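Structure first, commentary second.
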Amino acid sequence: MKRCCEGVGLPCLFKGVGMASPRPPRYLLVFDFDETIINENSDDSIVRAAPGQALPEHIRQTFREGFYNEYMQRVLAYMGDQGVKMGDFKTVYENIPLSPGMLDLFQFLSKNHELFEIILISDANMFGIECNLRAAGFYSLFRKIFSNPSSFDKRGYFTLGPYHSHKCLDCPANMCKRKILTEYLAERAQEEVEFERVFYVGDGANDFCPSVTLTSADVAFPRKGYPMHRMTQEMEKKQPGAFQAAVVPWESAAEVARYLQEVLKKKC
């Protein structure tokens, strides 16, 4: 384990003689998007661009549990038929509010960016995420974004695809976040970047799946009262100690920022 003052950017850096050489980020911070970074489900939000801000019943009835990506493909095709264009979607995405305290957390991370490698894993879509984060001014915080591919075809229709295929029985057919996170950590290890700790900020059942792989050195930040939080509580009741990471529920992301600030203080 590296000593604190070997890092770059902490106040204690300048207490020694000379300046330390640049180091890889010490911590990996993983974010979900819907109802974590933003305070809504962006798939629900874009319905505001539909005629009457609603979907017809025959579209809504096609939803099947575990196949939300396919359902959204049908929703977007309907909206395209109704004349909804890229600018309409962009306006909606840009105006989705951040979750409480998320601005504080992002500002903290901006000031300490050299210590954290930040990625985003979301079952939303690339276009919507990029629109929102650019509008908020924090797109550059993220080293990598993993989400479902999306684009606009020659008709101007918003199209969506699945992220990948997988064999996990607990996740939607189009995305297993555990697979993405595990492969990312392996890839970074091959590049000789290994993290002292992993922090995971999420809310949903599909965030619980990757958080189960975290170690006792890591921290899961489930949004209080949301599925990820309930599932960690249920696992602890049924299998005490099986969930290894520390669990720090949050209502405001400012609580996450304060926790991370304490982590940095302890390293000095």
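The count begins at 1 with the first shown residue.
Just so it is clear, glycine is given a Cβ too, placed from its N, Cα and C backbone atoms.
Taken straight from TrEMBL:
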type	residues	note
ACT_SITE	D32	active site, nucleophile
ACT_SITE	D34	active site, proton donor
BINDING	D32, D34, D203	Mg(2+) binding site
BINDING	D43, D123	substrate binding site
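A simple way to gauge crowding: the CB of the residue listed as 'active site, nucleophile' has 26 other CB atoms within 10 angstroms, across all the protein chains here. The Cβ of D123 (substrate binding site) lies under 8 Å from the Cβ of D34, Y68, N69, S147, N148, Y163, P172, N174, M175, K177, N206, each of which sits 6+ residues away along the same chain. Neighbours of the Mg(2+) site: apart from D32, D34, D203, residues of the same chain with C-beta atoms within 8 angstroms of the site's C-beta centroid are F33, E35, T36, I37, S122, G202, G204, D207, R223, Y226. Each of the recorded positions D34, D43 was scored by the number of other CB atoms within 10 Å of its CB, and the largest score is that of D34.
It is 7 Å from the Cα atom of D203 (Mg(2+) binding site) to that of D32 (active site, nucleophile). Using a 10 Å Cβ-Cβ cutoff, D203 (Mg(2+) binding site) registers 25 neighbours.
Separation of the C-alpha atoms of D43 (substrate binding site) and D32 (active site, nucleophile): 14 Å, rounded to the nearest whole number.
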